[in-house]
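Engineer: Following this message is one structure expressed as structure tokens.
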Amino acid sequence: MASSSALITLLVALGCAAAASAATFTVGDGQGWTTGADYATWASGKTFSVGDKLVFNYASQAHTVTEVTKSEYDACSSNANGENSGATTKTLKAGANYYICTIGTHCAAGMKLAVTAGDSSPGTPAAGTPPTTPSGSGGYRREAGPVLAATAGILLKLALF
């Protein structure tokens, strides 16, 4: 019985650690998601991982946050309907992640963001922009999310048997 309690406690601790491993970035920091910002500079030097969250703060209905492909990003064009609530949170997927504002010429004026998220494996590099190049500034982050999840699964099986 004591070993089951210890395993449950360990599982709870591992779950909390895994949840805490994702970072949250406010796009543009205090300036937010708006025209006139340099999002390539904002992203440079930052390390992004799978599961990290990007928070876009902007004037509701004045801008959009539209997740796009590389070709749409390069062309500043998309047929997709972006979010325009004023507060949008996006969770990063592995690899390149592209976002633009589809209002008027906002994207062409620089309202676009490209970041690359590493796969969260220990030692996996991830970078801001450009999406295909890891950060040269030593931007490495070690995260134990996948390891913790696997360990928790094994411990859960052991606790049940």
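Any Cβ shown, glycine's included, is placed from N, Cα and C.
If you look up TrEMBL, you'll see 1-22 marked as signal peptide. Among the features that TrEMBL reports, domain 'Phytocyanin' is placed at 23-119. Residues or ranges marked as region 'Disordered' in TrEMBL: 119-142. As annotated by TrEMBL, compositional bias 'Low complexity' applies to 120-130.
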Engineer: Using DSSP, how many residues of the domain 'Phytocyanin' (23-119) fall into helix, strand and coil, respectively?
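Structural biologist: Grouping H, G, I as helix and E, B as strand yields 14 helix, 33 strand, 50 coil.
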Engineer: Mean pLDDT for the domain 'Phytocyanin' (23-119), as a whole number?
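Structural biologist: Mean per-residue confidence for the domain 'Phytocyanin' (23-119): 97 out of 100.
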